[in-house]
Amino acid sequence: MILLNLMLYFCSMQTTSTEIKKKCIRSLSAEELKDFFVASGEKAFRSRQVYEWLWKRSARSFEQMTNLSKETRTLLENNFSINPVTISQKQVSTDGTIKFGFKLHDGYLVEGVLIPADDRMTACISSQVGCSLTCKFCATGYMDRKRNLEPYEIYDQVVLIKEAAEEHYQTPLTNIVLMGMGEPLLNYTNVLKGIDKVTSEEGLHIASKRITLSTAGIAKMITKLGDEKVKFRLALSLHAANDVKRNTIMPINETNNLNVLKESLLHFCKETGSSVTFEYIVFDGVNDTAQDAKELYAFAKNIPCKINIIEYNPIQEADFMNTSVDKLEQFKKVLTDKGIIVNIRRSRGKDIDAACGQLAIKEVK
């Protein structure tokens, strides 16, 4: 009876109507895929073959699954879609950075970036189509959020950027940062599932410590990351250690103020044993004074951390200005003199709008 019900369930996916979409096969667990094959009268081991094609071998069509019979491939084609992410646009910066426009199965576009460096090859990927937050310095913040990305769409971005790294630089991908379009912690479940596939042996088997999730600061979700003892790195997009200033730059601070954020970060560090990275864009006349640096030290001093000071990358929608090199160095010195680890991060891909804060694809659908 169970097998009959399963068969009826999966057969119900078949339709001649163009109005009903096929279920994406990559939304099934390994066990659900096995159940489908058994209910269809196929050998259970076929599910393992297909699962390997879908994840480890990143098949983009059922026709690529050459160790399956034509009948089995037709069965899959009639019941499922794969919904692969494809590259619709590509731009190469003078510094070697490559920006991608990724097209999703429903026509929406998101952006990702390959950032080459002497000691690493980094993929910057998106977690949402658009963003519901309204950070004033970020181009994505001026777009509406259309939808969350599915786990397989997060995974596919990594696969495509990994292939580009090998093609253009003959170098493997070493790092992944979720710093593209969207707020990852507002797509919590799908992002963690996507990371799980990227790190698993059945997927790309990339070490968790090579992955960094960047958030604007959703305190309760940072606490949840700590509770789940995640293995990947966490970065907080901070940009001011003063609630009044941060409210202006990042309105999310009005509901996730600095005290609440500090509490959640301390919990995260305690539960995971990891440090965090604070990202701090220095804007001329806004947050670049010695007093701002002292406030940043006061916020960070009891949290295991390092601080990345970032050059501002101009966008059309905002009138912020980059601070001077002298002010940048003075700001850094205030922190390093107090024992804080500080890096100044130079912009990459600015000439193709691929730098931090510049991702906002011109054509959304």
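Note that the numbers count up from 1, one per residue, in the order the chain is shown.
Cβ from N, Cα, C; glycine included.
In the record from Swiss-Prot, residues Gly182, Glu183, Ser237, Leu238, His239, Asn313 bind S-adenosyl-L-methionine; the candidate from Ser208, Ser214, Ser264 listed for the same site is Ser214. Annotation note: Cys138 ([4Fe-4S] cluster binding site) sits in a coil segment as assigned by DSSP. Recorded residues Cys135 ([4Fe-4S] cluster binding site) and Ser237 (S-adenosyl-L-methionine binding site) have their alpha carbons 10 Å apart, per Cα-Cα distance. Between Leu238 (S-adenosyl-L-methionine binding site) and Cys131 ([4Fe-4S] cluster binding site), the C-alpha separation comes to 17 Å.
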